């Protein structure tokens, strides 16, 4: 179950980390009387009134200065707000309303996140109410006086937070859905593809790059499965992206990749694979997501009997990160082969979730060793592959126990991966091979305990 999160936001040195420690009843957040101590966003679990949630501590937010780490801190704060259910805007009651507070308030008013203003450093109850009243001018509703250091007012603040948390935040996680994200550069036809999949105009489509600025979620039933399809904002080069709706949309797109069961990477058949396409492919591979490569606008390509083979060869040479992905050629405009996406996506998800018994893994490894022995170094020392086992899925991950991982070069490692794929499948899914050195004495104890036969002995 994913817990709702509360983002703690404010200028440097207003007491955000102290308030985090108070709300979470911990001392995990570093507190020091100097601006800029917190840079990255950090997460802590908390509970109040029988409800659990996450508290996200962020660095001091400054819009008027780009020195040192301030731009990076801004990015972290923006990310925290994007995933938050509530923003807790912390201000300094002793200093009153500053220009920095006004800048942050303006930004928060333009966001979709519910915001609560916490006026910190109100150590005196009677003075606190007076100090807090000044912050009505921020335009974010009633300000609440608190003292993070003494704890006064924090209970009332938590009561308010609990009342504002979504009541059904965990419903989605209880439903059995396949989450499929449509990923790609701007204007490759992602929204057209979503419309073709849904059979209706679900997303705005135009020739203007960047029409979709946010992730659009759609639930549909296909082949007895419930699919949650996410049409993401087009992802451009980082240097071309400014803060605002596009920034938030792109970060949602990256989060969609990370949370997806399967990604549909859309490539423009006319433009081919660009540098940005390669970066997206790398992100999918890095996150270990299942993937289907969809080449859109195939109806616009002049072709003969061999065109599809030539184009696929060229595209795969540039998308080598995803050599294991199925590639299909479609037209979102005409609907050509769009229905095939579900078949291949479901197969990729199934392969991504698959588990293989240790005995079957070792049968495959034994056969692979029979065809090609591990290499021998100039020193005369030869690699020994003792046994392997699958340790997890999503993505499928195998640990291979050997005498010395350094004796197994990249060529032989690729050979073993190829043999696993040839015998066990995993089309549409990455697999991870972890090569672990094992002492002979420890090996014998472990294999006898688990009743595993050693494939290759010293």
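Placed from the backbone N, Cα and C atoms, the Cβ positions cover glycine too.
Annotation note: residue 13 (GTP 1 binding site) sits in a coil segment as assigned by DSSP. Cβ contacts within 10 Å of residue 13 (GTP 1 binding site), excluding its own Cβ and spanning all protein chains shown: 17. Per Swiss-Prot, the feature GTP 1 binding site maps to 10-17, 57-61, 120-123; the stated evidence is sequence analysis.
Among the features that Swiss-Prot reports, GTP 2 binding site is placed at 184-191, 231-235, 296-299. Counting Cβ atoms from all protein chains shown, residue 298 (GTP 2 binding site) has 22 others lying within 10 Å of its own Cβ.
Per-residue confidence over the domain 'EngA-type G 1' (4-169) averages 82 (mean pLDDT, predicted model). Per Swiss-Prot, domain 'EngA-type G 1' is recorded for 4-169.
Under the heading domain 'EngA-type G 2', Swiss-Prot lists 178-353.
Using DSSP to sort the residues of the domain 'KH-like' (354-439) gives these counts of helix, strand and coil: 32 helix, 22 strand, 32 coil. What Swiss-Prot records for 354-439 is domain 'KH-like'.
If you measure from the Cα atom of residue 187 (GTP 2 binding site) to that of residue 13 (GTP 1 binding site), you get 43 Å. Rounded to the nearest whole angstrom, the C-alpha distance between residue 184 (GTP 2 binding site) and residue 58 (GTP 1 binding site) is 30.
Across the fold, the C-alpha of residue 10 (GTP 1 binding site) and the C-alpha of residue 298 (GTP 2 binding site) stand 49 Å from each other. Ranked by how many other Cβ atoms sit within 10 Å of their Cβ, the binding-site residues 58, 187 place 187 at the bottom.
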